[in-house]
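*Asks:* Starting off with a structure, shown below.
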Amino acid sequence: MSTAGKVIKCKAAVLWELHKPFTIEDIEVAPPKAHEVRIKMVATGVCRSDDHVVSGTLVTPLPAVLGHEGAGIVESVGEGVTCVKPGDKVIPLFSPQCGECRICKHPESNFCSRSDLLMPRGTLREGTSRFSCKGKQIHNFISTSTFSQYTVVDDIAVAKIDGASPLDKVCLIGCGFSTGYGSAVKVAKVTPGSTCAVFGLGGVGLSVIIGCKAAGAARIIAVDINKDKFAKAKELGATECINPQDYSKPIQEVLQEMTDGGVDFSFEVIGRLDTMTSALLSCHAACGVSVVVGVPPNAQNLSMNPMLLLLGRTWKGAIFGGFKSKDSVPKLVADFMAKKFPLDPLITHVLPFEKINEAFDLLRSGKSIRTVLTF
């Protein structure tokens, strides 16, 4: 029996308040309106950015259905949708691509002006949410809301992917993998034979390492205070691993001494202001490129001496690895299917959706790289 055009009752993980666990609720998901797509979710990754909402570091209206790293199958579409059809395998896009704004038309930029990321409204483009629970509207989260058995997204925030792709793996392309991998191959444009330093060895940091290796870097130095992460970093391409706590001097000085004045490319994948500075200083003063990948704390500012850039350093950042999402996600899935990069080593746990709070405990304790929740 078709559910198209009807309200669907399903389970979702609702965050009602900051610093509280998720609650599995029975919610109602209204049909998609014009230029919207309703998706039956199959799998979703648990990302640090979701936890930033729980802690208040990333501000979005509550109550909300979080989650932004998922994959599923189109259940129905609203009027005017031409990019996908019911039955298509898709990845929702937290970084949309309208194709019409100045940024989408820019050949190098990818942060669509219709993105809900900088100042989250908690709604779709139309101005409301399709979620309700106990008679109350539940907000969306950055165009996606993948912590629900069904979600509704705008058609500018969904990409059709290979129908043979395993959704419990390629869901990582919806955020963490693409963010890290693209930071190396597209944002920094790592060159063959170069030396790289990667600060932070979570799922995104390890994806940076995969990107550096794919780009032909000769040395990839992994930096983390958790030595338990070193084996996985080396498995994925790190040539050396160092712990800042093992040294009496600042880690940037250690890296400068190891690399004849500094690395060619550095990546901060933690989201701390002090490590952003360390990553910048660890790259060569005259030719180094440092990329900010980690999401910094809300409303905190970083001060620095302009002389650090005057000799030729470059300091840059990007959302979603610099990829134009609708264009790039299908290609990244195709590359995965062609075995151009691995995803399996990033997935340390697979849990049923109902165990979402256990997944966040694993994330906060540092015991997981990526936990995938299946519906």
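Backbone N, Cα and C define each Cβ position, glycine as well.
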*Asks:* If I go by Swiss-Prot, which of ARG102, ARG114, ARG121, ARG370 binds NAD(+) at the same site as GLY200, LEU201, GLY202, GLY203, VAL204, GLY205, ASP224, LYS229, VAL293, GLY294, VAL295?
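*Replies:* Of ARG102, ARG114, ARG121, ARG370, ARG370 joins GLY200, LEU201, GLY202, GLY203, VAL204, GLY205, ASP224, LYS229, VAL293, GLY294, VAL295 in the NAD(+) site that Swiss-Prot records.
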*Asks:* For the Zn(2+) 1 site, Swiss-Prot lists CYS47, CYS175; sort out which one of HIS19, HIS68 goes with them.
*Replies:* HIS68
*Asks:* Select one of CYS83, CYS112: the residue that Swiss-Prot places in the Zn(2+) 2 site alongside CYS98, CYS101, CYS104.
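*Replies:* Among the candidates, Swiss-Prot records only CYS112 at this Zn(2+) 2 site.
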*Asks:* Among LYS6, LYS234, LYS316, find the residue to which Swiss-Prot assigns the annotation N6-succinyllysine.
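*Replies:* In Swiss-Prot, LYS234 carries the N6-succinyllysine label; others show none in the record.
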*Asks:* Which one of LYS40, LYS189, LYS340, LYS367 shows up in Swiss-Prot with the note N6-succinyllysine?
*Replies:* LYS340
*Asks:* With an 8 Å cut-off on Cβ-Cβ distance and a minimum sequence separation of at least 6, pull the same-chain contacts of VAL293 (NAD(+) binding site), or say none.
*Replies:* THR179, GLY180, SER183, VAL204, GLY205, VAL208, PHE267, GLU268, VAL269, GLY317
*Asks:* For CYS112 (Zn(2+) 2 binding site), what is the tally of other C-beta atoms lying within 10 angstroms of its C-beta?
*Replies:* 26
*Asks:* So the record assigns GLY200, LEU201, GLY202, GLY203, VAL204, GLY205, ASP224, LYS229, VAL293, GLY294, VAL295, ARG370 to NAD(+). If I measure every Cα pair among those residues, what is the longest distance in angstrom, as a whole number?
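*Replies:* Across GLY200, LEU201, GLY202, GLY203, VAL204, GLY205, ASP224, LYS229, VAL293, GLY294, VAL295, ARG370, the widest Cα separation comes out at 20 Å.
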*Asks:* I'd like to confirm something. Which of the binding-site residues, CYS47, CYS104, ASP224, VAL295, has a Cα closest to the Cα of LYS234 (N6-succinyllysine)?
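*Replies:* Going through CYS47, CYS104, ASP224, VAL295 one by one, the Cα closest to that of LYS234 (N6-succinyllysine) is ASP224.
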*Asks:* Return the residues near LYS340 (N6-succinyllysine), defined as same-chain residues 6+ apart in sequence whose C-beta is under 8 angstroms from its C-beta, sorted by sequence, else 'none'.
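*Replies:* Result: ALA214.
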*Asks:* Quick check on the recorded positions: of HIS68, LYS234, whose CB has the lowest count of neighbouring CB atoms inside 10 Å?
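*Replies:* Among the recorded positions HIS68, LYS234, the sparsest Cβ neighbourhood within 10 Å belongs to LYS234.
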